[in-house]
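Structure first, commentary second.
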Amino acid sequence: MNTFLIIDGLNLVRRIHAAQPNENDVNGLDARVASACKKLLKYHQPSHVAIVWDGDATSWRKTLYEDYKKGRKPMPEALAKSLPALKTHLSELNVNSIDAEAEADDVIATLATKLVNNQGKAIIVSTDKGFTQLTHTNIERWDHFNQAYITIEQREEKLGVERTQFIDYLALAGDSGNKIPGVPGIGPKSASELLKIFRSLSNLYGSLEQVGAKQAKKLEEGKQMARLSYKLVQLQTEIPLNANLSQFRLPQ
């Protein structure tokens, strides 16, 4: 079975860089990122590896909802300027890059989904909770900074919902980190409790007469936001990749 290690480039690099007291100091960044990648390869022993980077194009999510990721701190200029050289350095270690047009998340989700559909296994190196919705047993998530797998069971326990309800949960509760609104007035606890009873977003909205008047009012008024949030949180799994698996195979 092919095992593909898929590294969320900026998720890894920005956190490594954030350990620097001065955000404009990129000295030694190449070495620190290379060391992290070597550690990942040694531990997971994949047959293939790629590091996926966000692109400069406007995300379809931003087009759909202008406030998406609003207020997020921009990448330090020195870090942005250092990325081309970093990518070259990593390619010398056989860690080749895939540059997304916009968000890396959709490319990572597409790659992982294609792999498992062809009897492969994907290990996504990222702390981005959006990948929780990829629930196939052959898609795993690895937190490099805690040196631990992020399991579906852990996410179920933390959120208080089942794996099939992750998208519905975020559509209700929102995601403050990405400025996904959810339904105003419906927080994580309420979202979890509602999904325990009604099982899905569609069932909930088809049964508002069974919900308390105060909560039903919030849900009715926030219906469009729930629909919008549902679209925003969904990962795309059919992005054109324009890449061949063989480009990312590691030498034996």
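Here the Cβ of each residue, glycine as well, is placed from N, Cα and C on the backbone.
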Among 23-28, 125-130, 185-190, find the range that Swiss-Prot records as region 'Interaction with DNA'.
185-190
Residue counts (helix, strand, coil, in that order) that DSSP gives for the region 'Interaction with DNA' (185-190):
3 helix, 0 strand, 3 coil
Once Leu172, Ala173, Pro181, Val183, Ile186 are set aside, which residues in the chain still have Cβ within 8 Å of the Cβ centroid of the K(+) site?
Ala171, Gly174, Gly182, Pro184, Gly185, Gly187, Ser190, Ala191, Gly222, Met225, Ala226, Ser229
